[in-house]
Ligand SMILES: [Mg+2]
Ligand SMILES: [Zn+2]
């Protein structure tokens, strides 16, 4: 399904926890982290925490070992591999960082499934991990009041939409859990799908007024559920494309899928 772009958030969507918290907690720096949380933006805090780890003798290898142990639901990797094999264009949009995400995806053998990873730059500088903001803070701010200064995921979705707009009828499926996934959900089109994780912040935000979201909404709860819903949506899109192909090919009025789509705007649950 070369016409489907699947955009994944990373933390609590691909991996089961927040990778930032996982590293800090596993290396024993939770107390310092909690002390510093109220004093600076998250992105700066993570850069600061990496400095603290370094000055307390924690090495890059210590961080890598911890990242390799991050919990992931057993169905996530097969689901991603299957979507990739079907020809979907898989991308990541995450407020974690390139170092954590690349290390984890390579460890699970799924790095090559993704055509693009949009996240905060993370790199090793003299044995210390540096984490920088995705948006250059020296440039004019992004002006989105839903998102933190370092990253507006909605702008990234708009950039992807523009980059593929010349290509035929691409359709997006966006998966996320956090409040940062709300802005990109609002930027999807009617033909797209958003998969908010049930009872997580983005789901709460969407539920407040689902009519603000143009895309069709399909919730999921855990990795098994995510796999099921994602692959049913991929099937659904491919069936719609086939129906469209047949109707143009034979110039017939095929029964439209819109009778189903015209249901009152609400969270849809696939069974
Ligand atoms: Mg997340
Ligand atoms: Zn935004």
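Note that the numbers count up from 1, one per residue, in the order the chain is shown.
Cβ coordinates come from backbone N, Cα and C, glycine included.
For 9, 11, 177, the entry in TrEMBL reads Mg(2+) binding site. Per TrEMBL, the feature active site, nucleophile maps to 9. Residues or ranges marked as active site, proton donor by TrEMBL: 11. What TrEMBL lists as substrate binding site is 20, 95.
Taking the centroid of the Cβ atoms of 9, 11, 177 as the Mg(2+) site, the other same-chain residues with Cβ within 8 Å of it are 10, 12, 13, 14, 18, 94, 176, 178, 180, 181, 197, 200. Counting neighbouring Cβ atoms within 10 Å of each of the binding-site residues (9, 11, 20, 95), the lowest count belongs to 20. Screening the binding-site residues 9, 20, 177 for a C-beta under 6 A from any atom of ligand 1 leaves 9, 177. In sequence order, 9, 11, 12, 13, 196, 197, 200, 201, 202, 203 make up the list of same-chain residues 6 or more apart from residue 177 (Mg(2+) binding site) whose Cβ falls under 8 Å from its Cβ.
DSSP classifies residue 95 (substrate binding site) as strand under the three-state reduction.
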